[in-house]
Structures are given as structure tokens and as C-alpha cells.
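**Student:** Input: one structure, supplied below.
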Amino acid sequence: MRLINTKTLQLEYFLGEAPAYAILSHTWGPEEVSYAEMRDGTGQEKQGYQKIVKCCQIAADEGYSYAWIDTCTIDKSSSAELSEAINSMFQWYKKSAVCYAYLEDYDEADPSSLDKSRWFTRGWTLQELIAPSTVRFYSGEWKEFGTRKSLVKNIYKITKIDEDVLLTGSSFLYEKSIAKRMSWASTRQTTKPEDTAYCLLGIFDCTLPLLYGEGLAKAFIRLQENIIQASRDQSIFAW
């Protein structure tokens, strides 16, 4: 697992058990810093660099020496590394000491903007909301405005995710029916069509080889087949 040193902003790689780390959940913008740029010490002029700086600053202030951010810690030019990362991502979020959910479009002066936040519409942020033990929410100005527990009523209203799951993280996740878990993802979107299936691997405790270019239909069929092999829950056939 590759982590960012929160003091030096250098990438460090860990085999086996990683040290305690904070993790970022966010929506991607047009100017994100890539792994190659982070490795080479470039990309500081990009808008996304400020997310890295702020995340690491908060983590360091809280005593965490490391942070993980998807944009710059995964070498996406390596299909093997990308596949390993996507299949491991749910566990990485689950094992994090804390997750900072950055809602760039949320304005504290307008509480109703929470319901409209793009963060709640993206496929990948579903597992990022559920998997960690602790999720703290930050506004576009990087001001903390609540936690998954303190905002449970609001989040349930937006996502329809059961409150016991929101209160405990993934503890009760796998007790929920396949159909119910599918329903949580039904209105969410991803940039790549195949990611509509791949972003659900952790939600259903599955692993799949990634085949970008296969299209959504084939990717979703492979996901369904994997779920059917591992579960007797017939509610999957509703999808």
C-alpha cells in the first residue's frame, strides 16, 4: 500500500500491515494530481493539489503520519496495480483510522446544499461512506460540519442507507439483502461505465479482474455471477 507522508508529502510504500493512516473521500475534478506527478514532485499548480495539502495538514495535526488519497497514490498506468487497488479499496477505507469526506460544493451557510452535493451521486463514494469506522465531513472551505453519526438522519434521507449501517460502518452491511444494497447504488453514477459494477465489489464482498472496455452490461453480469456463487440470497434476481 502506498501512502503519503503527511509532513513531507512524499510517497512511501508499505508491504504487509500499514501504519495508521487517514483517508480522503472526495469527488474528482478536472485538475487532480496524478501518481507520476506526486512521485516527481510536480503538479503543485493544479487545483487538486490543495486537497492533498489540506488533507495531510488535518491528518498531521491529529497525529497521523500518513494519508491515502486515490488520485495520487495509485499508479493507474499499471493495470495490475489498478486492479489490486480497486479490489482492495473497501478494505483500505475500512482499516483507515479516520475518513475525511470533502464535499467541495457544500456551503455551511446553506444547509440545503447537503442534499444536492455531488458527493452523494457518485458510485465510488458509496463504499467510502460505509466502510470506514469514522467519517467526518468537511465543507468546500475545509470546515468540519459533522460526522456520519451526527448527520445520520440527513444522510439516511439522502441515501436511504439503513441507519444501523450508517451508525456502525460496515458492521451490519452484509446482513442487508442483496437487493437493498443494490438499491443504494441504483441512482449513483461513474465516469467509466464498467466502474458502475467495479465500485460495488466491496459492498458485496467480491473480487473481480478488471476488464475496462467490456462495457457496463458484461461487467455487471460478472458481478452478479460472483454474488450468486457466494450467496443464497435470491433477491439479486430483482436486478
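Cβ from N, Cα, C; glycine included.
The domain 'Heterokaryon incompatibility' feature in TrEMBL is assigned to 21-109. What TrEMBL records for 218-239 is domain 'DUF8212'.
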**Student:** Could you pull the average pLDDT for the domain 'DUF8212' (218-239)?
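**Tutor:** Computed over the domain 'DUF8212' (218-239), the mean pLDDT is 84 on the 0 to 100 scale.
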**Student:** With DSSP helix as H/G/I and strand as E/B, how many residues of the domain 'DUF8212' (218-239) fall in helix, strand and coil?
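**Tutor:** Helix (H, G, I), strand (E, B), coil: 18 helix, 0 strand, 4 coil.
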**Student:** Tally the residues of the domain 'Heterokaryon incompatibility' (21-109) by DSSP class, grouping H, G and I as helix, E and B as strand, and everything else as coil.
**Tutor:** 40 helix, 13 strand, 36 coil
**Student:** Can you tell me which parts of the same chain pack against the domain 'DUF8212' (218-239), counting only residues 6+ beyond its ends and a CB-CB cutoff under 8 A?
**Tutor:** 177-180, 182, 193-194, 196-198, 200-201, 204-208, 211
